[in-house]
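Take a look at the structure set out below.
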Amino acid sequence: KSPLGATGSYNLESNSDGERKYPKSVFFILGNEFCERFCFYGMRTILTIYFTKQLLYSENTSTMLYHLFVMLAYFTPVLGAIISDSWLGKFRTILYVSIIYVIGNIVLSVGAFPFSLDLMRTVSLLGLVVIGIGTGGIKPCVSAFGGDQFHRDQVQQRERFFSIFYFMINCGSVFSTLLTPVLRSESCMGQETCFPLAFGVPAALMVVALILFLLGKPLYIIEQPKGNVLTSVVGCMFHAIKKKFSSSEKKKDHWLDYAEDKYDKKLIADIKIVLHILVLYIPLPIFWALFDQTGSRWTLQATKMDGEFFGTTIKPDQLQAANPILILIFIPLFDYVVYPVLGKCRLLTKPLQRITIGGLLAAVSFVVAGFLELGVESTLPVLPQPGFSELTIMNLNPCTVNITEPEHYLLKANETHSFRDLKFNDTKSWTFMAVEGEPGCDFQKTVEITNKKSIQTAFLLNDENQFDIQIGADEKSKSKEALAKVRIFFSIKDIPINATFKFVGPKTYFVSPDNETGSSDIGRTDYASFEPGNYKFYLPFNESSHLEDLLGEAKFQSGGSYIVGIVKSDEHSNLLITTLVLPNSVPILLQIPQYVILTAAEIMFSITGLEFSYSQAPLSMKSVLQAAWLLTVAFGNLIVTIVAETELVEKKSSELFMFAILMGIDMLIFAVMAYFYKYVKVHTYSEERSGDKSRTNTTNGKVNDAYVEETDFTK
């Protein structure tokens, strides 16, 4: 037992001048927080693309799953706080739940290995559920445990700790958001991506976080659990409701007064104040419904945009780093510039005014995102209408081909043409004949072509006056990772069996034929995803080496879909590159304005909202407000889940505008509620603490204001 009434083996000493030393234990807590936040944000950053690319979920299903995970991560902190304060204490809660957290990350990493799709989905979703429990379970405990390491007279040192603590949160977020998209873009285990590595590195950081936390144990001051005020509040409310409807007592002024027979009058009075504030919380979930879409809808929008920037490529999920970077810039900017200037103009001087404007700014950010999405949608490939198909013909022979049936078209050598609005599943006779007068060109052939697929591609060949046409199914879609998609059609005499094509550019790729044409000399490959950039490609020489002579060069851009047609025989060689789907043309940096606006909205809405709540509520009720605040985040994600699952609107731009309108209406309602809100006079911190001899900021051992520090900005 320490002189301060807390159990632990570390006793704070004093300098010769009487000033207490900074507790060494907090450095282990800070390191733990950096690693844990690196783990969480690194994993969450790539989650949406993992759902669409690896688990092959649709965009709507991926959005739903993403927000279900975030919702779980914000429901479980309430349980973590109750377990910590009522049963295990902060240290053991962090320790045990961190072990669960590590297990969840390992399960997710294993689920990313190339097993069967059903197994990958099952294991990955199981891992995410465990991670959601783990990250939420420790969220309310770590910062509070850090606060426990300080004596009550170390106010400045404790405040400095929380500043560093918040800085570590954002550092972990920034670094992981920039790094994990790079890791997932690596090739491994025969795949174009490496999600096991991208999930494995954050998992390793979580193991490091756990080790750091354990290493600090000899230095920690560990308090025993003393009860959780949230359980008392819920119990009081349920008891009051029960007594109100079952008691024959005289009607009381307030329904909570029916609990006076069992609960303290001060607790009842405090709950009344909290309920007065919580009425204002009703519109808040809509804000979080918008804010957390940066990891889902905004990331999916970025996959359809051009990430090229001065010779490098910004990956679509990397742009999420804009928010934590802007947060670190905007907090001092608003505190020392924006608010003082507005104050001199007598504008936005009240917290509820700032919250309202913050919500409206969130709506504006979605209007900007909606208009940007309109531009993105205009660049998406146009698919055939239901009941129709499309046939693209590449002329790879040196002759102009006259197509006379069923449609007339003169297809020149090295030219590509798409025939659209062909009836699906319809069979037609197509006649191909050489134009007279061209040397070495003398053929005519009629071929029965059935439009069995909505998208088909054919290439025409003419070797020693033997005309041939090869037809296969194709697709018109963009990469789910903003990469370039490339496939090869080839006719190469004496090509080695099992040879591969070599592409050398930002990365080196080997592409193998599928050998479905029945001839080893003629074939095609499936689509391969390439990093955008300039590539040189070589003909296969044998199974392990390639000819040094260049076959050709091409630039493959993000979002583009390309067919490389190659003909090589004794008579002639030919190369034709066809762009089946145009590359992304809207610059990804055009997302920056909506991130700037949304981050400004977060500063005005989230930070001000918590500051207002705590200024209005008694000290004993801070943890209740924190629980309610986290639940508004969870319910906001539930709203997005419902919208995504029900597919209320078809176009993504319309959905973004819908959320903007919903947020605008929501803030108008909030503004009316704020107008009629009556501020309450609450004792100041020092008044409530008069006579308090406890070492940390607690009231009856139930509340620690450190609880709110980590999640002030829902980080």
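We number each residue from 1, going along the chain as drawn.
Cβ from N, Cα, C; glycine included.
Just so you know, TrEMBL annotations never went through curation; they're auto-generated.
TrEMBL lists 64-83 (among others) with the feature transmembrane segment.
Residues 36, 39, 43, 50, 54-56, 80, 88, 123-135, 137-138, 141, 189-191, 195-196, 198-200, 202-203, 206-207, 209-210, 213-214 of the same chain lie 6 or more positions beyond the ends of the transmembrane segment (95-117) yet place their CB under 8 Å from a CB of it. Residues or ranges marked as transmembrane segment by TrEMBL: 95-117 (among others).
Annotated transmembrane segment per TrEMBL: 123-142 (among others), in sequence order.
For 163-183 (among others), the entry in TrEMBL reads transmembrane segment.
Residues or ranges marked as transmembrane segment in TrEMBL: 195-216 (among others).
Under the heading transmembrane segment, TrEMBL lists 273-291 (among others).
When Cβ-Cβ distances below 8 Å are used as the criterion, the transmembrane segment (325-343) is approached by residues 167, 170, 174, 349, 595-596, 599-600, 602-604, 607, 713 of the same chain, each at least six residues removed from its ends. Residues annotated as transmembrane segment in TrEMBL: 325-343 (among others).
The feature transmembrane segment is assigned by TrEMBL to 355-376 (among others).
The transmembrane segment annotation in TrEMBL covers 592-612 (among others). Counting only same-chain residues 6+ beyond the ends of the transmembrane segment (592-612), those with a CB under 8 A from a CB of the stretch are 284, 287, 290-291, 294, 298, 319, 322-323, 326-327, 330-331, 334, 351-352, 354-355, 357-362, 364-366, 368-369, 372, 625, 629, 708, 712-714.
Distant neighbours of the transmembrane segment (624-644): 60-61, 63-64, 67-68, 70-72, 74-75, 77-78, 81, 139-140, 229-230, 233, 274, 277-278, 281, 284-293, 296, 609-610, 613-614, 617, 655, 658-659, 707-708, 711, 714; these residues of the same chain sit at least 6 beyond its ends, with a Cβ under 8 Å from one of its Cβ atoms. Positions annotated as transmembrane segment by TrEMBL: 624-644 (among others).
Marked as transmembrane segment by TrEMBL: 656-677 (among others).
Sequence-distant contacts of the transmembrane segment (355-376) (same chain, at least 6 residues past either end, Cβ-Cβ under 8 Å): 283, 286-287, 290-291, 297-298, 301, 304-305, 348, 586, 590-591, 593-595, 597-598, 600-606, 608-609, 612, 652-654, 656-657, 659-661, 663-664, 666-667, 670-671, 674. Just going by CB pairs under 8 A, the stretch in 64-83, 163-183, 273-291 that sits most against the transmembrane segment (195-216) is 163-183. Sequence-distant neighbours of the transmembrane segment (163-183) (same chain, 6+ residues past either end, Cβ-Cβ under 8 Å): 29-30, 33-39, 41-43, 45-46, 143, 146, 194, 197-198, 201-202, 205, 315-318, 320-321, 324-325, 327-328, 709-710, 712-713, 715.
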